[in-house]
Amino acid sequence: MKKTGVMNSNISRVIADMGHMDWLGVGDAGTPVPAETEKIDLSVRPGLPSFIDVLEEVLKELEVQKIYIAEEIKTENPKQLEAIKKTLPNVEIEFIPHSELKKDLKTSKAFIRTGEETPYSNVILESGVTF
C-alpha cells in the first residue's frame with residue numbers, strides 16, 4: 001500500500017506519465033469534460049473534495065511551469081483566484097476565455113473533477129521539468 005502522496009491510483013499514474021509541457025486539468029464539478037479526455041472523478045458530494053485541496057496535493061508531485069485559468073475568474077470568483085495564486089506563487093498565469101479553456105481540455109492528459117461548486121474553479125497545469 002502506498003504510504004504518502006496522492007493515493008488515487010489514476011492520478012498517480014497520470015502524473016507519472018506527464019512529460020514537459022503536457023497538460024493536466026483540475027476543476028469543479030460542473031466542468032464539461034471532452035469525451036477524448038480521461039476524467040478522474042473525485043467528487044463525493046457538493047464541496048468534497050475542494051478544488052484547492054486537490055490542487056495542493058497534485059502540486060506536491062507535479063512540477064508545473066505555467067497555468068491557464070479562465071479570464072472570468074477575476075470578476076466571478078476573485079477569492080478562488082487569490083487561493084490559486086497563493087498555492088502557486090512563482091508560476092506564470094495565463095488568463096484565457098472560459099470557452100477556450102474548455103476546448104483546451106481536449107489536449108489535456110486528463111481532467112480531475114472535484115466536488116467544488118464555485119464558478120470558474122478550473123485550471124490547466126502545464127508540466128515543467130525538475131532540472
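The backbone N, Cα and C atoms fix where each Cβ goes, glycine too.
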Record says His98, Tyr120, Ser121, Asn122 bind substrate. Source is Swiss-Prot. Which of Asp22, Asp28, Asp41 does it list for that same site?
Asp28
Fewest neighbouring Cβ atoms within 10 Å: which of the binding-site residues Ser121, Asn122?
Asn122
Express the distance between the Cα positions of Tyr120 (substrate binding site) and His20 (active site, proton donor) as a whole number of Å.
26
Those recorded positions listed as His20, His98, and which of them has the most Cβ atoms within 10 Å of its own Cβ:
His98
Just counting, how many other CB atoms are there within 10 A of the CB of Tyr120 (substrate binding site)?
22
Under 8 Å by Cβ from Asp28 (substrate binding site), counting only residues of that chain that are 6 or more apart:
Phe51, Arg113, Thr114, Glu116, Glu117, Thr118, Pro119, Tyr120, Ser121, Asn122
